[in-house]
Amino acid sequence: MGRTVVVLGGGISGLAASYHLSRAPCPPKVVLVESSERLGGWIRSVRGPNGAIFELGPRGIRPAGALGARTLLLVSELGLDSEVLPVRGDHPAAQNRFLYVGGALHALPTGLRGLLRPSPPFSKPLFWAGLRELTKPRGKEPDETVHSFAQRRLGPEVASLAMDSLCRGVFAGNSRELSIRSCFPSLFQAEQTHRSILLGLLLGAGRTPQPDSALIRQALAERWSQWSLRGGLEMLPQALETHLTSRGVSVLRGQPVCGLSLQAEGRWKVSLRDSSLEADHVISAIPASVLSELLPAEAAPLARALSAITAVSVAVVNLQYQGAHLPVQGFGHLVPSSEDPGVLGIVYDSVAFPEQDGSPPGLRVTVMLGGSWLQTLEASGCVLSQELFQQRAQEAAATQLGLKEMPSHCLVHLHKNCIPQYTLGHWQKLESARQFLTAHRLPLTLAGASYEGVAVNDCIESGRQAAVSVLGTEPNS
């Protein structure tokens, strides 16, 4: 009788793990268990009354590097090439990004000319920060906060404006708490290997082999900065679900896992609400803190390490305006915590993907709310109403982008505990978990955003690596 692998979590990580397991030459029996009634996790696309697409979660995927190429290969394998909407390298959404500081939008400098000129909100040309960076000695600590690292190497302005904003935009987190080693490993490794971020990025970490396809070659030739799908990014998990069903994968929806226990023969018993499953191996693609509550008593050290990986909430407010125009053209802007602790940033959806504006077309923007403002609200126990978030988002759009009219359409979603926080020492939590799994030979593999990357590409790769670990070899296509 063949092996049974149970995959916990039907987000993009669990779907990717199930996909690669199902494509093995002799695939195991795969059962995908999802607590909610839908698959895709935080990837969710909604069509508005005029046909416009609103992304409630991720809205674009970067094609760069080996991970970006592997995701494009997955898109091709699923037959979605004709649905891809690329943002090419010469597009304003690829070239222009902004910071909102001092009540005004400031374009981030690009190219050598931009680095040599004074560029508000920075008081000096960023060239000088780069020159300073080349002279700084290598850090001696095994980890450091993003703020400390950036301030030490690039100066206080870059730390408090650029890196603070970047941490809010990517992790909805605090740069004074997040780990440089885990959040931005390429920067950490560049300093460790080459003593300098700039030298490390210029010299690179060596070429990583990446797959090849017509879509990957097109993305390279046209220098895509990001891409989406015509009907929204949720087309990707939907196509994965269709593929899994065709491959005989059992998909259980609306089935929260109540507990995991080890049987005498070393197999798992996966307890569901009204039934149970037996598995030779479990891939967990659910949040680390959730998994920690399901583990048996004999895995208490593992549960402790996983429970320490926390996550923060983000309110996503999609707004559409008829007849309105943006003051600038670009991807969007980020807001440092010193400017507005509640508004993380605003994405100019219509600039990158006008094909999704609907008919008649309307200007779409997405306001991300979170940070210390939202954490304080959550801790106070006050009612987090849709009206509160909509008002806050409309005020931000009016103040920061001049969109003072009432939106024609608005969607508000509070994503509770959606972005894991890789705080200082995160790598030690991962090491503790790995050591326990190895020492006790537990048939359990960890995947998902809780561990080594929160972006869609990271999650898909995490699922693929989990499948490779279980199979012991790369699955055939």
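Here the Cβ of each residue, glycine as well, is placed from N, Cα and C on the backbone.
Long-range Cβ contacts of G60 (FAD binding site) within its own chain (separation 6+, distance under 8 Å): V87, Q226, W227, S228, L233, A352, F353. The FAD binding site annotation in Swiss-Prot covers 9-14, 34-35, W42, 57-60, V257, A449, 454-456.
I12 (FAD binding site) falls within a helical segment according to DSSP. Sequence-distant contacts (6 or more apart, same chain, Cβ under 8 Å) of I12 (FAD binding site) comprise G40, G41, I43, L236, P237, L240, V456, C459, I460, G463. If you count neighbouring Cβ atoms within 10 Å for each of the binding-site residues G9, G57, the highest count belongs to G9.
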